[in-house]
Amino acid sequence: MVNNILKAPEGPPSDVEEIKEKSDYLRGTLKEVMLDRISAGIPDDDNRLMKHHGSYLQDDRDLRNERQKQKLEPAYQFMLRVRMPGGVSTPEQWLVMDELAQKYGNNTLKLTTRETFQMHGILKWNMKKTIQKINAALLDTIAACGDVNRNVMCASNPHQSEIHAEVYEWSKKLSDDLLPRTRAYHEIWLDEERVAGTPDTETEPMYGPLYLPRKFKIGIAVPPSNDIDVYSQDLGFIAIVEEGRLIGFNVAIGGGMGMTHGDTATYPQLSKVIGFCKPEQLYDVAEKTITIQRDYGNRSVRKNARFKYTVDRLGLENVKAELENRLGWQLDEAKPYHFDHNGDRYGWVKGVKGKWHFTMFIEGGRVTDYENYKLMTGLREIAKVHTGDFRLTSNQNLIIGNVSSQKKKQISALIEQYGLTDGRQHSALRRSSMACVALPTCGLAMAEAERYLPKLIDKIEDIVDENGLRDEEITIRMTGCPNGCARHALGEIGFIGKAPGKYNMYLGAAFDGSRLSKMYRENIGEEEILSELRTILPRYAKEREEGEHFGDFVIRAGIIKATTDGTNFHE
């Protein structure tokens, strides 16, 4: 029921809304076009629907100009993303993903900033068999992309405490219960026969035939770690623990990182805490929040369609009142909590029940075999003997989790044999870095990110070392476009691609993920970046207060103005 007080924005529906409306619940003509061998690509309308099945059509942009000269179509390929709530994979599932990446992908796995696997380079005629093998491993790609609830994140290591384990179970339940109900995925990819005559109301009781105006992201944090950047989520839950027992969750709404260059009506935003719910109320809060976005989100202008804009347009208190109206009960007052950081903690740690966990540093989240670093092979060999699990972190790293005391020696030997690392030989800056895929596969990228950030850090490390800052954690993030997949606006140093070799530089985000950055320099190249840091980092080394983080220092020192809300991000 739509509230008469709150108003949905006016305007004609976007072309994507029309595509969804005509799609027969995300079917479109995908089944037919995937059989077509004339082109390696698919029509744009079907590509818009393909997202909801966990995939995007891409092309190798390194080859684009040469193929145009040869009058060939782009080197089309598909990216495939797995739905994996909380980032948990069994060793058997890891081996399946490893095999598929070698057989059908580009011999790499990307560990994403939302705790899941991405595979790149899959050809159209290999898509169905790849998806079928993923499903046979008890994983899937449903709703990993698209205008639905995406992969539900949670604090990375559920086995470090009973609380983490409990929170992980809630993330799985949310992910499963908020899935689209259409059987399109199963019919197109898994050869399920369609059941005729299913009433529309039963097809998508929560989403409806148009699904959501844009993607929707949920994450659960366990203080004092904000590793999932809970304030960046459309809907964030903050676990509240009293006397070692999970009593419920603070509820935060309206976060999101994406924006559009040059359009100040778009901006990153942090969610705001509006109250507290008990664990058994979690799903009800999530479902009702999603239906508010379904009913009031902007379906006319997609760049203003995320839930953060809905909240800012309608007003936080009005959205809270509407949520409580739909719930039929009021949220309790938010409980106190505290975050220390939003990064990972590396190396071996002993958890509950005598189990061990090794958090390893994987630069850019890219699992592959390098010339002198057989990372993919090493992890494959560990997966063959490991009896615990793997945990993909929201900082693109990996936890070899739930290792028994009996297995620890064997796994430690493999870690040493293949040179797998907890990052201690790297600077804390590098260990705190994150980059999206960007070029050559992402169609939105305006500049390099994953391929370039390590090289830039090589040069920044010289400045860091000169100033005694090698062990100082400074979060640094780079994205190839303003969409924010690597949560650039929450990096103490952030870069957003503007053009090849050119970036907007941002400073001043909080180390615990509670404050956005602000643009410091626009459209600058490497020399200008390094020149700025040669000025700022020595000042930080000399003038900082005890325990003061870089993002706080640049504000106190007057180098950058604090961003107090996403609505003044561009000021």
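Placed from the backbone N, Cα and C atoms, the Cβ positions cover glycine too.
If you draw a 10 Å sphere around the CB of Cys485 ([4Fe-4S] cluster binding site), it holds 22 other CB atoms from the protein chains shown. What Swiss-Prot records for Cys436, Cys442, Cys481, Cys485 is [4Fe-4S] cluster binding site, and it gives sequence analysis as the kind of evidence.
Summarising the annotation, Swiss-Prot assigns siroheme binding site to Cys485 and lists sequence analysis as the type of evidence.
The Cβ of Cys436 ([4Fe-4S] cluster binding site) has 28 other Cβ atoms within 10 Å, all protein chains considered. In the shown protein chains, 23 other C-beta atoms lie within 10 A of the C-beta of Cys481 ([4Fe-4S] cluster binding site). In sequence order, Gln58, Cys436, Gly480, Cys481 make up the list of same-chain residues 6 or more apart from Cys442 ([4Fe-4S] cluster binding site) whose Cβ falls under 8 Å from its Cβ. According to DSSP, Cys485 ([4Fe-4S] cluster binding site) is assigned to coil rather than to any helix or strand.
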